[in-house]
Amino acid sequence: MILLACHPRRELSFEHTVELRGIVYDNSLQRETSDYYRMLTPTLERLFLTSFRSSQLEGSCASCTILQYSRNGNSSVIVHFRLRFIHQASQPLSSSLEEEAFTRGLTEALNKQGIPLATYGTISSAFLTRPSEASPYGIELKSGSCPGNTFACKNSQCVWKENPECDGHADCLDASDEADCDCGSRPAMQTANRIVGGSKASRGEFPWQVSLRENNEHFCGAAILTEKWLVSAAHCFNEFQDPKVWAAYAGTTSLSGIDPSTVKAGIARIITHPSYNADTADFDVAVLELASPMAFNKYIQPVCLPGAGHHFPAGKKCLISGWGYLKEDFLVKPETLQKATVELLDQVLCSSLYSYALTDRMVCAGYLEGKIDSCQGDSGGPLVCEEPSGKFFLAGIVSWGIGCAEARRPGVYARVTKLRDWILDAVSASPAFTALTLPETPSSTNSSSATTEGISNSITSTPRAISTISSAPATSKSATTARPQECGGRPGLSKPNKIVGGFNASRGEIPWQVSLKEGSRHFCGATVVGERWLLSAAHCFNQTKLEYIKAYIGTTSLNGADGNTVKVSIKKVVQHPSYNPIILDFDVAVLELASPLLFNKYIQPVCLPLAVQKFPVGKKCMISGWGNIQEGNITKPESLQKASVGIIDQKTCNVLYNFSLTDRMICAGFLEGKVDSCQGDSGGPLACEETPGVKATAAVPKTSGPAKPTQLPDCGMTPAVAFNKIVGGSAAARGEWPWQVSLWLRRKEHKCGAVLIAEKWLLSAAHCFDVYSDPKMWVAFLGTPFLTDIDGRVEKIYRIYKHPFYNVYTLDYDVALLELTTPMKYTSTIKPICLPDNSHTFREGSRCFITGWGSTKEGGFMSKQLQKAAVNVIGDQACKKFYPIQISSRMVCAGFPQGAVDSCSGDAGGPLACKEPSGRWFLAGITSWGYGCARPYFPGVYTKVTAVRGWIAQNLKL
């Protein structure tokens, strides 16, 4: 809330920002003539005015004016409005009084019942957002500054709008948001210490990219801000601080500098951030002043510097570029500039991956699964993001990371929005900043001059301002007023053939893809789900004749030139009985092949998900097909196209399609467009890769009649999960863990652990019995810590009960009860562990113990003596960050983020035991699974005993 004082004795006005829950933002709210605006606005005005009823301000609020609607990151509606009060001298009115009365009244009004808005949803709750979090639109603050998530105009006006700079619309009264916008374009285009997983860049594709060379050897990257200024990473200059040993090469994609457009310039000054910390890499930014200005052309252009309030949302696709190593520990840098697309990651998630070493001056980009990253040699280079205007803005500067393109080790970049004010101050040549430069001497003039190579023989020009929108008057940030030429676009980049935004697929990469042809014409895609069965879209068969349809499988070529192409006739097409050709509800059809397929490396079925399978919002999945490569283009690509798309929130997508979606539909793609399926891709697959080791296959229901599939063959990906899994532990003493049991297969070898919970009952992991489920094959050894010269008790297993909901693919409900043939007699070395009640809480951070005879290192041999190790219970939310998809409410994580201690092969089924203040030990978990053994950020996963306590009690009659 911001006080806009007008007449202290008669009238006061207050402005608020409120977030509304239960309804979804739509762009039509920007139009006063839209149905959504006309329905929502009077409703809110009445709601806000009546919020002061039953308060001492009742009757004082004279009017409510809606100023603007905007959206929150979660697509909820943000409303900015003004309340006008008639002030009475006998009734003092303060901002705190007004805010308290408003908040209380608003909460009470919505708590009674929500406010329905027809098809737009129901307002269920509203939250007052303070100025530090959301500032009203167009307010002039007395301090002359604006909150961090607003745009600061040069006239000190604050604009509440996401990224208004250079979007082609003047939002500031002085139009300063559209000034100095000749940046971020790429006129040469016709249409990170660290790039792994990238591809070669074209000339002019990254005209702001600079190669910084120390004594003629490429050392770091940099980005062009103006004709005389570059920005890079401060750590590039830890060792070599003398500007004379550095040179900047611009206008080239080649490290050898053979491009005729290459320009070489000397460095006059190196200015590192005064708060730069070499140990933590905080404030890792430096600006470099060139000895002479560069002349901009289509191969040399500045990147746009974002405003301090510029928003780069998590999940946004951006670009990194550089000449760094192509893989970690590879000693040869590429000859040609590399580029790669990376995704901006959630700050909290990334911070957890790096043991919370990130600061507000850092941002992460990459992928949790690795494979694409910047690497040594890319440091200082740009992380750029394209905005809808087509302009490229500098979001980050390549800073640091662990390894290159490793899983759960994304690249870390200096966050430019947090450093841009210092950058602007530094390039204004303030003497207050520390400059790594030597006194001017006649001998230094040669090194300070800029030279060109090839056809560029002159680089002299007039210095120009940085292409950004300053949050203060122009005179305080820029020494000049000249504006640079057009920059930041890439009209010279030849666009690849696409599924609209995709790439050519390799042979065998999508082995379930099918091309359906009527005669020689490809008209739809399909997916292999069994030897005789395909899935496609029902609408593909509205006007086709079955006898003319053929399925082409095992090929990426539309002309079927692959030697492994299989052509099969269609015996039957069964459309869903509820298929609606008008609204395309239940748009699915099953195709029976005339003859069964023979699976090979080019022909494989896709996994069908279980009915309860979740595909979370934001999950990256793959589309493929031979559809049109752009809207309106009737030419189909010759090769199979693929593209990565994200699952979109159902409510958001429903709004985009005017609430025409049903529960049988799901959206995928990107809100900004550019990647999508198109005409000719219909019926093709949207395939989502599951986490290594967790398959999403499902059985096709068995029905009467011949040749119908009963269960899909093995499909998906090779397991990387070490199911049987103590690393980092120590030897246990006899009787120290009297409930520990060793399960032996055929009396020959230890296979799994178990835990004694009653005289005749053991608990273990259900997956231990996936292959060998006959209880006669198993025996239990109790009362001994040794696997050799066993001196304990040996008992036969009478029965094995797996949990009825146990899922062999996801390892959900991974628990089994084992009944012994004879009851045990308790001794000092054989005792049961306490079972917790289902309401028992094992708090996050609790120190517990794991025990077992599993491998003492990943890939190692079994231990001959029982091992023990202390681990910490990890909270459910943190656990889901380590394993974002596959953690259920029947699972609990334990270990340490840095790894070093974990269960491993052979420990499965063993106990996770926690000691309570009473001195008794309770069973918190059963060793289930994990990724590797003791790997950083991959803790052990255990079946949560409290979640299955009811099932245990039911079977034991406890």
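Keep in mind that glycine also has a Cβ here, set from the backbone N, Cα and C atoms.
Sequence annotations record features per position, and here TrEMBL assigns domain 'SEA' to 10-129. Residues or ranges marked as disulfide bond in TrEMBL: Cys146-Cys158, Cys166-Cys181. TrEMBL lists 195-428, 499-726, 726-957 with the feature domain 'Peptidase S1'. According to TrEMBL, the compositional bias 'Low complexity' annotation covers 470-482. According to TrEMBL, the region 'Disordered' annotation covers 470-494.
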Cα-to-Cα gap, Cys181 (disulfide bond) vs Cys158 (disulfide bond), nearest whole Å:
19
Counting each residue once, how many in the domain 'SEA' (10-129) are helix, strand and coil under DSSP?
43 helix, 49 strand, 28 coil
In the three-state scheme derived from DSSP, which category covers Cys158 (disulfide bond)?
strand
What Cα-Cα separation, expressed in whole Å, is found between Cys166 (disulfide bond) and Cys158 (disulfide bond)?
16
Tell me which of the disulfide-bonded residues Cys158, Cys166, Cys181 sits in the most Cβ-dense spot, judged by other Cβ atoms within 10 Å.
Cys166
Check the DSSP secondary structure of Cys181 (disulfide bond), expressed as helix, strand or coil.
coil
